[in-house]
Structure formats: C-alpha cells, structure tokens
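Please read the structure below before turning to the comments.
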Amino acid sequence: MRQEDAPDVDLENYSGKVPVLGVCYGAQLMAQKNGGNVLPSNIREYGRAKLSKVDQHNDLMKEISIDSQVWMSHADTIAELPDAYELIASTASVRVAAFKKKGEDTYGIQFHPEVTHSLEGKTILRNFVVHICGCAQDWTPDIFVETTVAGLKAQLGDDKVVMGLSGGVDSSVAATLIHHAIGKNLHCIFVDNGLLRKNEFEDVLHSYKDMGLNVKGVDAREQFYEALKGLTDPEDKRKAIGRVFIEVFDAEAHKIQNVKWLGQGTIYPDVIESVSVKGPSATIKSHHNVGGLPDFMKLKVVEPLNTLFKDEVRLVGKTLEIHQNILGRHPFPGPGLGIRILGDITPEKVHILQEVDHIFINGLKKAGLYDDVWQAGAILLPIQSVGVMGDERTYERVVSLRAVTSVDGMTADWCHLPYEFLADVSNEIINTVKGVNRVVYDISSKPPATIEWE
Ligand code: XMP
C-alpha cells in the first residue's frame with residue numbers, strides 16, 4: 001500500500017451506495033483511505049489463528065464462534081481504525097481482525113474467509129451475500145442450464161463454434177452446453193498427443209460420440225514424439241507440447257468453413273488466476289499481438305462456465321446427464337504423461353508408464369478408493385536399480401506412485417493409502433510391467449513439494 005504502484009480502488013463509487021466487503025489488502029486499503037492507520041506489523045501472522053473476540057450481533061458475524069479458526073496471511077496490520085468504524089472481531093495478536101463502518105454496509109476482514117482453513121469462512125460470506133446484500137440464494141444447476149443455453153442460442157445464432165476437448169470435466173460440460181444450444185454447429189476436436197493414459201483416447205472419444213457431440217479425434221502422436229525427441233528440461237517439454245498442440249488444432253480448425261467462435265471450458269478460478277492487478281499491459285501478452293497468433297486464436301471466445309467454480313460445474317454436468325466416468329475424473333494435466341516421465345520422452349517410456357498408471361488407477365477403482373483421492377498417477381524416474389527376479393539379476397526402471405488429497409490443487413497432502421493396497425499394486429506392477437523392478441510411494445505434501453514432479 002505504501003509502494004508507488006500499489007493497487008488502488010475508487011471506494012467513493014461504492015461505499016455507502018452498495019454493500020462492500022474488503023478482504024485482507026482490501027480491508028487495509030479501506031481503513032487507510034478513510035483516515036485509519038496501516039503499519040508494518042511487529043507480529044506477522046501467517047496461517048492459522050483463532051478469533052478471540054467476535055461481535056455476534058453484527059450481521060457479518062452472525063453464528064460465528066468466539067474462538068473460530070481463521071486463516072491469516074499478512075505482513076502489514078491495521079493499527080488504528082478510522083473514527084466512523086467499529087471493531088467486530090479480533091484475534092490474540094491482531095486487534096483489528098474485522099470491522100464495520102457505522103451506519104453503512106461497509107465491512108473489512110483482515111483474515112481470509114474464502115479458504116477452507118477459515119473453518120466458518122463460508123458462513124461469513126453467506127452472511128454478507130444473503131443477509132447484507134439480500135441475495136436470494138436461488139442458484140440451481142437446472143436454472144443455470146436453462147438460462148445459459150437460451151443465452152448461447154441468442155449469442156451464437158447460426159454461427160459455427162470450434163472447440164478443443166480434453167476428456168476433462170470443464171471442457172466436456174462446456175461443450176455439452178454449447179451443443180444443447182447449437183447442435184452440429186459445434187465442431188469439437190480431441191487430439192491424441194501420445195501422452196494420454198492407456199486407452200484414454202478411444203474411451204473418451206467413444207463417450208463423446210455417445211453424448212451426441214460432433215467430435216473429431218486426431219491422432220497426432222508422431223508429431224508430439226518428434227517435437228519432444230531429446231528434450232529433458234521440464235519447461236522445454238511443456239513448451240514443445242503446447243506448441244505442437246496449437247499447430248495441430250490450428251490445422252484442424254482450418255478445415256471447418258466459416259467458423260466464428262472458439263469454445264472454451266474456462267472456469268472462474270482460471271479467470272481469477274489470469275487477472276493481474278497491474279492492468280492489461282502486464283497480463284496480456286500474445287493476445288494483443290493478434291497478427292502473430294494462429295487463426296483460431298483470432299476467433300471470438302465463448303466460455304459458458306466462466307462464472308462457475310468446479311463443484312458447480314460438476315452439478316451442471318450432472319443436470320446435463322454427463323456420464324460419471326467423465327464427471328468424476330481426477331484432474332489430469334494438459335501435458336499429460338509428458339510431465340510424469342522425468343528426462344526425455346520416448347514412445348517406449350510412454351508405454352511403460354501407461355501400463356503402470358493403468359494398474360494403479362484401476363486398482364484404486366477396484367478397491368473403492370478412487371473417489372477418496374483427489375488426484376493420482378505414476379511417475380517414471382530417470383534411474384535404474386538392481387533387483388532380482390528368479391535367479392536373475394535385473395537392472396530396471398523405478399516408478400513412483402503419487403496420490404493426494406486436496407480441495408483445489410493449491411495445497412495437497414499425500415494420501416494415506418492402506419499398506420495392503422500399496423503392496424498389491426506394487427506386486428502387480430513389478431510382475432506384469434516389463435522393464436520395471438521397483439515401486440516407491442511419494443509421501444510429500446504440497447507445499448513444499450508440488451503434485452506433479454515436473
Ligand atoms: P502442481 O504440480 O503445480 O499441480 O502442484 C497442481 C495441479 O495442476 C495440474 N498441472 C497442470 N495442468 N497443465 C495443466 O493443464 C500443466 O502444465 C499443469 N501442471 C500441473 C496438476 O496435475 C495438478 O492437478
């Protein structure tokens with residue numbers, strides 16, 4: 001806030017006219033601009049804290065426990081509130097944890113109600129949206145489907161839309177909505193980059209066709225393997241995979257006449273993550289350089305899910321009767337197995353990893369553990385180790401299994417899978433996948449590790 005280019009907002013436009021809730025920096029900004037005092041704190045608060053005082057008569061703090069756990073993440077602190085403001089919550093070390101402007105629906109909270117570690121954060125947000133803003137809380141997936149399909153019909157008319165599908169939840173739900181609105185004018189493209197799971201291309205393509213989507217499967221495996229030959233650096237591999245995807249998609253999109261729109265499965269967290277507070281010049285890079293972009297990127301973009309969170313997307317998918325084998329899937333990264341094969345990528349390594357991954361994922365499903373895990377997969381390590389099979393010495397590959405629990409992928413814990421299950425999977429892998437003689441289990445959480453190894 002004391003920096004020259006610190007983000008600012010014209011509070012006069014909102015304060016007193018509509019309900020305002022400032023969170024963390026927003027609360028500090030509000031206090032500072034109205035005559036309060038924000039100072040670097042002696043006691044930095046990061047992580048869990050407990051409220052020590054709560055004004056439960058205040059509309060924002062209704063039903064919040066006196067010792068409610070909240071999540072703090074700030075270095076500066078509000079030392080003094082402006083005169084017209086009243087305190088509505090404190091923690092032991094942060095006196096101004098929440099406040100209200102007297103006679104106005106203007107509130108500030110120093111902690112983060114939006115993260116799961118603020119255990120009653122959702123109640124605070126509901127208090128604000130329902131009790132203070134007066135929203136009816138009448139969102140249902142059925143109404144969303146109805147209004148979105150009607151909106152898409154009006155927006156797209158007889159225009160054609162091209163869209164890349166990944167087999168994931170978001171693109172599948174977005175495509176189904178657009179398909180409900182414009183039918184065969186939606187042209188879907190599903191690319192086999194040679195880095196998908198075992199049988200994934202055929203299975204997913206089959207499901208899409210079953211759903212009535214106008215989808216074309218493109219086998220581009222060779223193109224991807226060729227571009228990846230000899231690359232070992234994770235970022236180089238990611239870039240190569242992204243570049244070839246654009247080339248393949250662009251070539252396919254060109255085959256469709258008179259396309260006007262590009263459909264995308266963007267959801268609200270993607271929108272938030274891509275916004276920079278410093279404004280368009282810092283955020284938008286290639287998009288402004290339209291001349292150098294592939295043709296499909298010059299199309300107008302239609303993103304029917306860009307106001308929804310993942311759980312809402314799943315509810316919409318259920319309403320649209322999308323099959324559970326698509327809706328219930330674990331997340332899978334765009335670069336696929338390419339970032340789970342450490343070192344260079346060859347078709348032989350992809351084949352080994354596909355087999356290992358298949359045994360692990362199928363095992364989770366058979367043991368009824370798949371839905372308890374947020375994401376799981378196998379990683380092929382760039383080392384070999386000595387083993388013994390029968391009377392023979394072996395010198396073969398090592399794979400690591402990774403399974404995590406998480407809410408949003410931003411933080412994750414390793415999954416405490418039963419030992420017996422891990423033993424069975426390990427045996428099956430070593431006994432049936434040629435070239436692998438050792439299985440290890442990754443017990444790192446995020447942070448400090450990440451979910452993927454590259
Ligand atoms: P990390 O490894 O950063 O992963 O903890 C968090 C989540 O993001 C996925 N991930 C990706 N998804 N393209 C994607 O579409 C990528 O390049 C990529 N890298 C990581 C990862 O699978 C996990 O769900």
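We count from 1, first residue shown onward.
Using N, Cα and C of the backbone, Cβ positions are placed for all residues, glycine too.
According to TrEMBL, the protein has these features:
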type    : residues                                               : note
DOMAIN  : 139-329                                                : domain 'GMPS ATP-PPase'
BINDING : Ser166, Gly167, Gly168, Val169, Asp170, Ser171, Ser172 : ATP binding site
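Residues Leu165, Val173, Gly265, Ile326, Arg329 surround the recorded ATP site, their Cβ atoms falling within 8 Å of the Cβ centroid of Ser166, Gly167, Gly168, Val169, Asp170, Ser171, Ser172, which are themselves excluded. Taking Cβ-Cβ distances under 8 Å and a sequence gap of 6 or more within the same chain, the neighbours of Ser166 (ATP binding site) are Phe190, Gly265, Phe332, Gly334. Reduced to three states, the DSSP call for Ser172 (ATP binding site) is helix. Ser171 (ATP binding site): 21 other CB atoms within 10 A of its CB, across all protein chains.
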